[in-house]
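Database features, via Swiss-Prot:
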TRANSMEM  20-40  transmembrane segment
TRANSMEM  47-67  transmembrane segment
TRANSMEM  91-111  transmembrane segment
TRANSMEM  115-135  transmembrane segment
TRANSMEM  149-169  transmembrane segment
TRANSMEM  172-192  transmembrane segment
TRANSMEM  222-242  transmembrane segment
TRANSMEM  256-276  transmembrane segment
TRANSMEM  289-309  transmembrane segment
TRANSMEM  310-330  transmembrane segment
TRANSMEM  345-365  transmembrane segment
TRANSMEM  370-390  transmembrane segment
Amino acid sequence: MELQQDLIPQKKTIGALDHAVFLCMVFCFWFSGYIYVPVFSLYLEDLHFSYGAIGIILGSYGVTQILLRFPLGLLSDILFSLRKQLLIAGFGFSVLSSLLFLMFDSFFFVLAARLFAGITASTWVMATILYAHYFNNGNASKAMGIMQFFTVMPQFASIVFCGLAAAHLGRQVPFWMALAASAAGLVICCFIQDPSAPPANRGTIRVNQYIKDTLRLPKLKLFTILSMTAHAVLFITVFGFTPLYMNQLGMGDAELLWVMSAFFLPHAAATLSFVFLRFTSRIAYSVMLISFAVTGVCLLYVPFLAALFTVCITHACIGLALGFVFPLLLSHVVEISSARLKMSVMGFYQSFYALGIFLGPLLAGKIAQLIGLAGVFYGAGSLAFAAFFVMLAQKRNMIN
């Protein structure tokens, strides 16, 4: 199979307004996807779904991402003009997902709505690399730091608004807020700039060669495995079973807001630090190694906690640690890929870390059903330590 590909991209001039429009779109992208997440597992429990069914629905968010992120990245590398259109289509699926949540409460339609939300998340690969083109090649860490911050900031904002809305207006109100943010994001997305627009000169390249070149990149599989593990931990706990565990402790939506805030404030601070700091490979390695160790210790400690304060402290430490891990891995992936392969590499990376988003909650749901919610945190902590030992074994490869 052969498709036309641009040989030398001609960059458009990007101004402050272009950055502002793009980041507003990013805010809507994640706000619409996460506004209901803090109470989503509680909402599913209100619908009388079992822990196993809740795990399936939570994990389904990763299914469509596994299937679509790599093909979308590959397709976008070959057909430059589709990048913006695919991102717009992602907002369309977000609108559809919100409508399904509002109109139906059966397992089938709730599952379908979450799958559509996963399709929206799959188009994030377009946004990631489009924004990387807004910066010079030497500023990959800065670009990814800003993107990660504007990923975390709307997630934190969604937690605040979700907690307040759920506590005072009911747990279905966040779905209306998701619908409004999706519609706004769709409109804003129509006005973003694509600085990698195709030139007149075009050549051909085989799709299978693109795939081979992507898979041959050094360290890509290693970074992907580490990211897959970190995302599994995140979606097992904060975006999965932490709210259910707090509910088991007798805490309500107001207390949940405190715990989520404790996680996301240091998480946002850590990601924002990449806008101002530059990390050498050795320092980056040490930071990630310590972060996985801290995450593992805190998660193993969670089942022994019963007070709101201690739950907040442990989640603050987890949030800070993961706040360093995600942008460091993302910037490494951007740096090891050539300009020609950036989208397909990012698609591969995001597609396979979505395995963690899928398998993590799925297995956690089974564990919770068999041995209780404490087992969920033991499993998540074990995953964090597994990543820690992988990094120890690959120290020379990661530093060089």
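Placement of Cβ uses the backbone N, Cα and C atoms for every residue, glycine included.
For the transmembrane segment (256-276), the partner stretch with the highest count of Cβ pairs under 8 angstroms, out of 20-40, 91-111, 149-169, 289-309, 370-390, is 149-169. For the transmembrane segment (20-40), the neighbouring stretch richest in Cβ pairs under 8 Å, chosen from 47-67, 91-111, 149-169, 310-330, is 149-169. With a threshold of 8 Å between CB atoms, the same-chain residues lying at least 6 positions outside the transmembrane segment (172-192) that come near it are 18, 21-22, 24-25, 28-29, 31-33, 35-36, 39, 43, 84, 87-88, 91-92, 94-95, 97-99, 101-102, 130, 158, 161-162, 165-166. Highest Cβ contact count with the transmembrane segment (345-365) among the listed stretches 91-111, 149-169, 222-242 falls to 222-242 (criterion: pairs under 8 Å).
A Cβ distance under 8 Å defines the sequence-distant neighbours of the transmembrane segment (149-169), meaning residues of its chain 6+ beyond its ends; these are 23, 26-31, 34-39, 177, 252-254, 256-257, 260-261, 264-265, 267-268, 271-272, 274-275, 323. Away from its own ends, the transmembrane segment (47-67) comes close to residues 40-41, 105, 107, 110-111, 114-119, 121-122, 235, 239-240, 244, 350-352, 354-366, 368-369 of its chain (Cβ-Cβ under 8 Å, at least six residues beyond either end). Outside the transmembrane segment (370-390) by six or more residues, the chain places 222, 225-226, 229-230, 232-233, 236-237, 240-241, 244-245, 248, 289, 292-293, 295-300, 302-303, 360, 363-364 with a CB less than 8 A from a CB of the stretch. A Cβ distance under 8 Å defines the sequence-distant neighbours of the transmembrane segment (91-111), meaning residues of its chain 6+ beyond its ends; these are 28-29, 32-33, 36, 44, 47, 49, 53, 56-57, 60, 117, 119-120, 172, 175-176, 178-179, 182-183, 185-186, 189.
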